[in-house]
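These notes concern the structure reproduced below.
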Amino acid sequence: MATTKSFLILIVMILATTSSTFASLEEMVTVLSIDGGGIKGIIPGTILEFLEGQLQKMDNNADARLADYFDVIGGTSTGGLLTSMITTPNENNRPFAAANEIVPFFFEHGPHIFNSSTGQFFGPKYDGKYLMQVLQENLGETRVHQALTEVAISSFDIKTNKPVIFTKSNLAKSPELDAKMYDICYSTAAAPTYFPPHYFTTNTINGDKYEFNLVDGAVATVADPALLSISVATRLAEKDPAFASIRSLNYKKMLLLSLGTGTTSEFDKTYTAEETAKWGAIQWMLVIQRMTDAASSYMTDYYLSTVFQAQNSQKNYLRVQENALTGTTTEMDDASEANMESLVQVGENLLKKPVSKDNPETYEEALKRFAKLLSDRKKLRANKASY
């Protein structure tokens, strides 16, 4: 009798633990963040293709798309472009681009976007006309409110000197943010010295014209928009009960996948205080942006790694980044076929590398683990909705 009682207690404990695990997974808030980096967007594009392929296999659904699994998808610069590609609906209300169409998009359009240089000292390096044309052709008249999941795309208004964050959740309060996706994409990619700033207008809540004068989102949020994406997810908690689990920044209830576009710890050349002591504006201008982007991305990753680990949820955060780019792969505007092929190889090789010195798990294994969590969570929510 005692043995039977002990056995029943054990079963109850197992069921309770299992139930708690699944409940926790069901409540997870999922966030995807994609860095800026111009043509280097090929690297996260390669990673996204792998991830979406895994989700399709796990769910036995060739039509499965990343927007079906993430509550918030955020990006800046080329990351904003990728965000739009995988969240903007087509005529069937599905993402107009599958993940395996991202890299071919760069190969087809990259050489034309980064072409027709107009001279870097007396104007932007590129006129941006082809970029705007291809965005209009692919994104059409779609606006922010039509995105298939919550988005977080950053830009910076040089007239008001304030960052502008385009999200669905802000539209009720600020309808002027319901801009056309092609205007948003061009704006977040309009890196100073590379492309001209972008001017366009929308309507305010009173029907008045509201004007934007925007440049690259990296000016507002640095190249890594992970913190921005988290803040948008957190704000959703104030309005949607489904996000209640992160109202107090409970990172145990959040899955964050952050994709970088690659950096190098050496910047191709190192410098000493002595040799830079007499540098002027031009010398610093040639290297400071790369240094700043790399340093800020490192600090964002350091902060997120620390807070997730502090809540014993380090497995919930995955930063996929190549830190050893060399040669032309470090350039954001080298759209030669040879360099683009090299960037694809960087992405594919990255999948085989360990996540860190302390974590022998490869990025491929980590992404498969993430895919399993995303798949299971989607099924749990679908089952709950059917009752």
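Please read every residue number as a count from 1 along the shown chain.
From the backbone N, Cα and C atoms, a Cβ is placed for every residue, glycine too.
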Quick test of your reading of Swiss-Prot: among 36-41, 264-269, where does it put motif 'GXGXXG'? 36-41
Pick from 75-79, 90-94, 115-119, 375-379: which stretch is listed in Swiss-Prot under motif 'GXSXG'? 75-79
Have a look at 136-160, 336-360, 361-385 and point to the one annotated coiled coil in Swiss-Prot. 361-385
Residues of the parent chain within Cβ reach of the motif 'GXGXXG' (36-41), under 8 Å, 6 or more residues beyond its termini: 75-82, 102, 106, 110, 114, 188-189, 191, 194, 216-218, 223, 225, 260-262, 329, 331-335, 339-340, 343
Tally of helix, strand and coil residues over the motif 'GXSXG' (75-79) according to DSSP? 2 helix, 1 strand, 2 coil
Hey, which bits of the same chain come close to the motif 'GXSXG' (75-79), Cβ under 8 Å, at least six residues off its ends? 33-41, 44, 152-154, 188-189, 191, 216-218, 220-225, 228, 259, 261, 332
